[in-house]
Every structure is written in structure tokens, then in C-alpha cells.
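Undergrad: Sharing a structure here in C-alpha cells format.
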């Protein structure tokens, strides 16, 4: 007795007074679907074999077959059928006898999750009928031969995306006969940027090839005066990556019924990409020590990170902004949402979103690190995803900012976006989500404020042009840089810019007006600062230039401070202090050189080899202060990659990675990584040490599987030197 009651208990849903069925947010879980669903008592002589019966189903799911070709899914390294929504695909059904439309009745069923429901889009019955309507579920017979029929099936342009289970159901007088559960017929349905009815429709074929189908990208880093770039492997088509991306939505507990909406998907993904508050994919670390993990600079792409997370379910250590953005880009492109990785140079991380970054100076004009809380990132990476915004007024669709790097909380979680780029440009920051934060990242002003002894604040200098001075992404169809600053803001000083700012302030962005503070700038003397291009490990010089436009002679007491900083602009240590008095003759320019020796900076240098120089000068005759700050990046040596012999698909070949240690010290704990999306899964090798001036050589044998233009990406990581990259474009010939 006890046994029977327990099994009945198991089949019952857990009782919950608030909802009829438990939340449904696992794409993986299944319910049992009966093969025979009786309408009542079945008469004794009933034999299901007497009725139309499905013998076999053919899904046309090979990469070279019609479905994957027409749906642009032939690159996915996945044996199951993958189609895009709102577009017809074909299957063939073999019955036990010829199909007779007059008397036989059957339909198709797509199911997702543990509790499929028709009104939630997780149970989709499709009757076989006449003409297909664009963007609506339907099926029609397009070919009949012997016992086989070929069907064309149209999916809805708004259907949820993910992995569906597929059944064929046949009606008999006594019940419904269904095909057995067969995982080989599982069908993935993705977003469709090729379909005009889809929310992610993109009308330019070249852009679709770049933003959906390109599995390699470029990350721009460095700073605005010295833009550096490196390749990143998105690898959205690699084995198991699609399943890993679907798992992220399960992890974020996004209801299955919400998964047709790219706005919802982007919002939950921006939270689950980082590990803050939800044990998401990547744990961030900005402190230069990466014990028990991989240094952010060592990753060459997203695949290793996503697959490690998918198998361990634990945050992968460690990431910084370009790693979060790289993995987010893979997620979006994998699901079919057009996406690109953006770099904003001199990005404001404004702790109180008041469009004002405060740098406090002491009496002498030096920066007071105790009071200064805001920081300017040399660069910050986020993503843009392309979609319509039916939740906003007309005109705010298109590119949306989404950011997976945990900076500030939004609705109680570390996430950011989607925020309309168009809304940010025009100052309409009232439109969801997180537009004021992004607006501040690209539009803040830097205030240099001196604290008087009695506590009053005197604004000595305001820099309105530095923040968000350059916003870039990879160009379509090439590896070059595309400047998209004008998509985020109007030209500095134009009427439109002033109007956009007034709009943003009207919608609640806090902006202290200059009238609130006493500010009389020194207008007749300019100060500028230039640094020589410098290679890591070498001495270099910096030059401070004054231009005195007045007819007076001045003397300027000048303070120079050199700091080693994290790329987030947060200082680690001051390695150089220098002060001097400069005599400024009327109507003339004077320059002063300062030499920075490698012995002064090498000991404390951080991985991105970033310096931050502050120069402040007090004009003694007027008491006014001039201030300028600049980020300088050193040139880091690169890895050399070359191939040996010819490159033919299916034939073994080898690639050689070389590196010469340029430093005046031995490199310890060296790790090399090499990856080639579509031809070589990441391999890594540890090397103990590389003495100074000596060269390391590593040969790797591999067999490329597909012909075409491919890219090899390598990185080197060691205790003293990081951010060392190399890459090589290779053409794989057909056999």
C-alpha cells in the first residue's frame, strides 16, 4: 500500500497556494508525454497498428542540407536541427502506409520545459493545413511519395527561443497516438535577424555577417591617444556553446515564456555574466593578484570560460571589462541577437551619477588621494545589442547598451541595460534601463577643486572634453577601428549638445551648475603635456609646455606626479615626484622635459603598463591653478606566430609561437595559450622561466577541419609581464 501512495505523491505537483504550477525556467527539464492518450475506455479489439503510424522522421539537419543552409546555422558544431524563428524549415515523415489527407489526421507538437502550456508558448501544437502565413506557426505538405510526406513548417516570429522536443501526434477514434521521445529530433529555435517580423531584424547583409556570424572580433584597449587592439575569439558556433548559453538563462531564472523577448534576455544576461549576487559566469578581479585562477589578460576567447562554467556551475576566475564584454558578445551572437563590443576611452565611473568627476587638490595644487573618490577608466568595454524597443516611444530601437561588468546595482542587482544609444545621445535618460549611468560614463566633466582651510571649495579647473572622448568598435568586414562617438553624443560645444544636456538634467540627471561654485579660470596661460612613445623596460621622456598669451611675465610653481595605475584609473603607487619653478616670458612658449627611468617604474608596474601623470601649476602672480592629467601606456612586446608548411583542411600542419623577453629580468611562471576558432581548441603550455633577452619557441601540431580564412590568437602571461598577444590570419585551402 505504502508504495502505491508514494508514487502517486511523486506525480502530483508540489502544493503551493500562490501558483498553480511551479515556476518554469529550465530548458533542460522534461515532462513525460504519453504515447497513447486515451479518450476513455479502450475497446478490447483496439490495435494501434491498424492506424496511421510514424515509422521514421528525417529532420534535414546536416550542415550541408537545406535547413541549416537557409537558416544560416550551418556553422554550429551541433548535430541537432537548428533553425531561426519566423522562417520555414522542412522535415520528412515516413508512415507505415501512404498518407490519406481525407481520412488521416495528424499534427506536430513542439514542447519545452517541465510544464508545457499552450498559452505560455511552451506547448505548440501545429495542425497540418493549407497556405503558410508569414511569422505564424503552421505546417503544410509540399511533397508526397509512397509512404513519405515532406512538410514545410513555419515558426512564429515571436516564439520563445531554446531547445524544443518534437512529437508527431496521430488521431484515432479512441485516443491520440504519439511518437516516442527521441532526442535526435530535438530542435533549437533561435532569433532571426534575417526575418523582417523578428524584433532583432537587421536589414544589412554585411552587418548580419559581422554582428551575428563572425566568430572572431577585436578588443580595442590602451587609451585615446594610443589605441591598441587585440583579437578575441567569440566561438559562438563551437561544440556545447549553444547549450551553455541556454543554461545561462536557466541560471538567471528567466521564465521560459519570457525567452522570446530580446529586451528581457539582455537584462537578465547582463546580471548573470558577472558573479556578483548570483554566482554568475565570471568573477571580476582588479587587484593584480590572480591566485587560483587565470589572469584576465591571459584569456584568448570566450569558449573556455563558458564551457568551464557550464560544467562546473561555479564562477570562472578572473575577468575584467573586456572579458565580461567578450563573453556577453558570444552569448548574444550565439542566440542570434546582433551584437558588437564597444570601447569607451576615458570612461567615467561616477559614484554618485552627478555628471561631475571630482579631483580634489590640496593647498599646493597636488591631488589629494584621500578625498578623491571618483575614477576615470583609461577605457571601458561594454556591448551593444540590436533590437526594437516596443516598450519605448518610436525612434529608440536599434543599438542598445548592455554591460556585464559589475559597476553599480540596478534594481538591486549588478547589471546594466539595455539602454537605447539614441536616447543617450538626445539626453532622454528617463527611458529604461540605466540610461543615466551610461550617459554619465560618456558625458561627465572633470572638476579640479581646491579645498580651502575653512572648508570652502574653489573650482580651479574644469575639463569638459576628456570623458568619453573616443568611442569605438571593430569595423564591419575588417579588423580596423570604427569611430562611433557621434552615435553617443553631439559634437562638443554644439547647440544640440547643450540641448541634450538640458534634456538629461530635466529628466533627473544631477548636474551642478558652474554658478554654484566660484570659478574663474586662468585664461591667458595654457599648459600642455606630451609623453614620448615608450617601450616597456626603457627610459622615456615627458614634456610640459606652457604658452603665455599675455603681455605679463609669470612664474609657475609646477608639481609633477607619476603614478602607476590600474586601467580603471585607480592609483597603485606614486613612483615619481618632481617640482620646479617655470619662468614664463610674455607672448611665448616654454617647454620642460622630465626623464622617466625604467628603474623607477619597473618594480611596481601593473599588467597593463599604465601610467597616470598629473601636472598642476600655480601661477604665483595671480594665484590661479592650471591642471592637466594624462594616461600613458607603454608598448608591450608581441608574440610572433608563423605556420610551417601548407595549410589544407584535413591535413596535419604545425604552427610556431615565438617570444623574446625584452625585460632586464627573468620572467617566471610563464603560460602560453593558443586558440584558432573553427580549427584549434585552446591549448596551453607552462614554461618555467625565460631569462632576459632569450627567446622561447613553441611548436604546436594540429589539423584544421574547415577551409576558409581563419585566425590564430595567442597570449603570454607571467608574473612580471601580462597583456602579451600575437595573432595571424591564415587561409586554409580545400583538400
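Glycine is treated like the rest: Cβ placed from N, Cα and C.
Checked TrEMBL, it gives:
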- 1-26: region 'Disordered' (REGION)
- 313-406: domain 'Transglutaminase-like' (DOMAIN)
- 321: active site (ACT_SITE)
- 380: active site (ACT_SITE)
- 403: active site (ACT_SITE)
- 443, 445, 492, 497: Ca(2+) binding site (BINDING)
Undergrad: Over the domain 'Transglutaminase-like' (313-406), what does the predicted model average in pLDDT?
TA: 91
Undergrad: Taking Cα-Cα distance, which of the recorded positions 321, 443, 445, 492, 497 are within 10 Å of residue 380 (active site)?
TA: 321
Undergrad: Quick one: which residues besides 443, 445, 492, 497 have a Cβ within 8 Å of the Ca(2+) site's Cβ centroid, in sequence order?
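TA: Sorted by sequence, the hits are 464, 465, 467, 468, 489, 501.
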Undergrad: What does the structure give for the C-alpha distance between residue 492 (Ca(2+) binding site) and residue 403 (active site)? Integer Å is fine.
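TA: Approximately 25 Å lies between the Cα of residue 492 (Ca(2+) binding site) and that of residue 403 (active site).
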Undergrad: Cα-Cα separation of residue 403 (active site) and residue 321 (active site), in Å?
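TA: If we compare the Cα positions of residue 403 (active site) and residue 321 (active site), the gap is 9 Å.
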Undergrad: Per residue, counting other C-beta atoms within 10 angstroms of the C-beta, which of the recorded positions 403, 445, 492, 497 reaches the highest number?
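TA: The residue with the densest Cβ neighbourhood is 403.
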Undergrad: With helix taken as DSSP H, G or I, strand as E or B and everything else coil, how many residues of the domain 'Transglutaminase-like' (313-406) land in each class?
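TA: Summed by class, the stretch gives 15 helix, 41 strand, 38 coil.
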Undergrad: Distance check, please: Cα of residue 321 (active site) against Cα of residue 443 (Ca(2+) binding site), rounded to an integer number of angstrom.
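TA: The separation of the Cα atoms works out to 19 Å.
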Undergrad: Can you count the other CB atoms that lie within 10 A of the CB of residue 321 (active site)?
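TA: A count of 27.
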Undergrad: Can you tell me how many other Cβ atoms are located within 10 Å of the Cβ belonging to residue 380 (active site)?
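TA: There are 28 such Cβ atoms around residue 380 (active site).
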Undergrad: Give me the long-range Cβ neighbours of residue 443 (Ca(2+) binding site): same chain, 6+ apart, Cβ under 8 Å, in sequence order.
TA: 348, 355, 467, 468, 489, 501, 504
